[in-house]
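The block underneath contains the structure these notes are about, expressed in structure tokens.
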Amino acid sequence: MPLELELCPGRWVGGKHPCFIIAEIGQNHQGDIDVAKRMIRTAKECGADCAKFQKSELEFKFNRKALERPYTSKHSWGKTYGEHKRHLEFSHDQYKELQSYAQEIGIFFTASGMDEMAVEFLHELNVPFFKVGSGDTNNFPYLEKTAKKGRPMVISSGMQSMDTMKQVYQIVKPLNPNFCFLQCTSAYPLQPEDANLRVISEYQKLFPDIPIGYSGHETGIAISVAAVALGAKVLERHITLDKTWKGSDHSASLEPGELAELVRSVRLVERALGSPTKQLLPCEMACNEKLGKSVVAKVKIPAGTTLTLDMLTVKVGEPKGYPPEDIFNLAGKKVLVTIEEDDTVMEESVESHSKKIKA
């Protein structure tokens with residue numbers, strides 16, 4: 001059983017706990033704090049467990065040339081990449097305001113720290129857990145410093161190899177045992193054949209003591225629901241209020257109706273996973289009573305006869321008798337009373353045979 005960890009106060013993940021659903025707002029708020037609040041409320045109303053943002057301290061995430069390069073994309077909010085990113089970046093005070101709003105309406109709030117200084121700020125903000133974006137998963141100094149903070153970590157694995165993920169595990173585990181990996185492919189939108197959900201099972205084999213989850217960038221909800229069926233214990237999906245808005249993430253994000261349907265479907269699948277024990281269930285009793293078959297006499301069998309298989313057949317019988325799987329065990333047993341042709345073989349009719357009648 002994968003390790004269970006308390007990802008947020010009172011909210012555990014792993015084991016038999018419900019999948020933890022993260023609504024990734026990222027920077028789909030368009031740099032507008034009122035839109036950001038609407039998205040937090042949407043995440044709450046749709047049933048997500050957590051609203052998540054992306055926090056950067058731009059001078060620590062990008063070098064000067066990266067910030068100064070021209071940015072002429074249709075998604076641009078400025079002439080340079082730096083201007084574009086600054087438009088989308090909330091201040092520390094705005095983050096505190098958003099956190100307070102999330103607490104007020106009752107949803108967990110966190111962010112990906114996109115650089116070491118952002119992690120420092122989020123630590124001061126007292127977020128319940130750190131999200132490590134795929135771009136920092138192989139940033140080992142960052143991982144070490146983040147792990148040493150002692151907060152739970154959710155680590156995405158887009159753009160990484162299995163060898164790299166093994167190294168990540170070896171680095172983080174001794175410093176902070178409370179973390180999980182998310183299978184992720186960094187493409188927007190993600191094509192189904194590139195989702196590679198089987199990696200979830202491989203992670204479960206290689207890292208049996210941590211929960212495994214899925215971060216999806218595909219369109220629709222089917223692949224994410226399948227990930228939960230495969231055992232994903234944390235599920236992250238980008239959300240938007242309008243897929244047509246400016247920004248490269250919107251097309252791979254879920255609108256409110258889709259997010260609500262995702263949450264409903266995940267909870268339905270979790271109920272459907274049920275128990276690994278195969279048994280006749282109470283809900284099957286009516287069908288078993290109507291359609292369940294019993295061992296029936298193929299011919300008239302006089303009292304004192306030793307049963308052979310050619311004397312017996314299987315039919316829907318009234319009343320119910322021995323189930324079909326008992327027929328081989330009945331062979332060789334002595335009949336105590338005469339059984340008429342086409343009658344059900346009952347317990348009291350056969351010598352020394354324990355009753356296995358399904359009821």
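Positions of Cβ are set from backbone N, Cα and C atoms, glycine also.
According to Swiss-Prot:
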- Lys61: N6-acetyllysine (MOD_RES)
- Lys74: N6-acetyllysine (MOD_RES)
- Lys79: N6-acetyllysine (MOD_RES)
- Ser275: phosphoserine (MOD_RES)
- Lys290: N6-acetyllysine (MOD_RES)
- 294-353: domain 'AFP-like' (DOMAIN)
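Candidate modified residues: Lys61, Ser275, Lys290. Nearest to Lys74 (N6-acetyllysine) by Cα distance: Lys61. DSSP assigns Lys74 (N6-acetyllysine) to coil in the three-state reduction, outside any helix or strand.
For Lys290 (N6-acetyllysine), the same-chain residues lying six or more positions away in sequence with a CB closer than 8 A to its CB are Val316. Working note on the modified residues Lys61, Lys74, Lys79: by count of other C-beta atoms within 10 Å of each C-beta, Lys61 ranks first. In the three-state DSSP scheme, Ser275 (phosphoserine) is classed as coil. Listed in sequence order, there are no same-chain residues at least 6 apart in sequence whose CB falls under 8 Å from the CB of Ser275 (phosphoserine).
Mean model confidence of the domain 'AFP-like' (294-353) amounts to 96 (pLDDT, 0 to 100 scale).
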